[in-house]
Amino acid sequence: QKIGLSGEGTDAVVILEKTPFQEEKIPDLLKKPMNAELQMHNDIYCTFYLSPPPELSEIKATVVYPATEKHIQKYLRQEVHLIRETWEDYKNITLPFIQSQSFSIQWVYNILEKKAEADRIVHENPDPSNGFVLVPDLKWNQNQLDDLYLIALVHRREIKSLRDLTAEHLPLLRNVLQEGKEAIAKRFGVPGSQLRIYLHYQPSYHHLHVHFTALGYDAPGSSVERAHLLADVIDNLAMDSTYYQKRALTFPLRADEPLFKKFQEAGKV
């Protein structure tokens, strides 16, 4: 959505999401007076539309401002296609494209350098080679555990994605897996067996990061065509250091994305 702020005509992206119900507030939701409009009644089944009071109908708004054209395109609805990328495709199409982009990840460096969100850090391993910072993802308001979502950002800046990983990075990945689980269990009381811990390919930004989400939460990007479980990544690299430089990887691309057009031009779609 494109809007003007303060009359400046500057583009912004505003994302509106209904927050999950908090279990302890459901009794209040059912007890307090509210408008209830009957939509359907069939035998023992009824459907109502309810209008709860404002304090029980919270909406989270995420704002990207000022937003570039790339930000805006990212959130427009488009057709999606699956790409099967070989290692040669990565070297000849994807990597040159990534290197040609100037999409800023300064916000990542701000977190790593504690210039921003320092008070949100859940855990840090300060080792420059095998360390990382664990912070809540902006998609999680931290009011409930149902949609728990944290991100581990590694300190090393040269690792762009899954494609760069070799056995050299196993100590780093094992730290993220083990320490991340321990930190979340300690802070939020959620055991590692109830966490989905994974990497995206393609990632939305090219600085290696790992997603930690509640297993019962259908998190965006957790589907099979994009998510790679960290435990599986570790096992694959332990078996073959160049595993991710050999195998083909499948990932979704929107029809309006420049990288999709590169694959089209190469006759790969």
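From the backbone N, Cα and C atoms, a Cβ is placed for every residue, glycine too.
Listed in TrEMBL for this protein:
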ACT_SITE  His209  active site, nucleophile
BINDING   Trp107, Glu117, Asp137, Lys139, 200-211  substrate binding site
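Positions of the features from TrEMBL, shown on the structure.
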residue	record	Cβ within 10 Å
Trp107	substrate binding site	13
Asp137	substrate binding site	16
His200	substrate binding site	18
Gln202	substrate binding site	20
Ser204	substrate binding site	11
His206	substrate binding site	18
Leu208	substrate binding site	26
His209	active site, nucleophile	23
Val210	substrate binding site	22
Residue pair Trp107 (substrate binding site), the residue listed as 'active site, nucleophile' - Cα distance, angstrom, rounded
13
Rounded to a whole number, how many Å is the Cα of His209 (active site, nucleophile) away from the Cα of His200 (substrate binding site)?
8
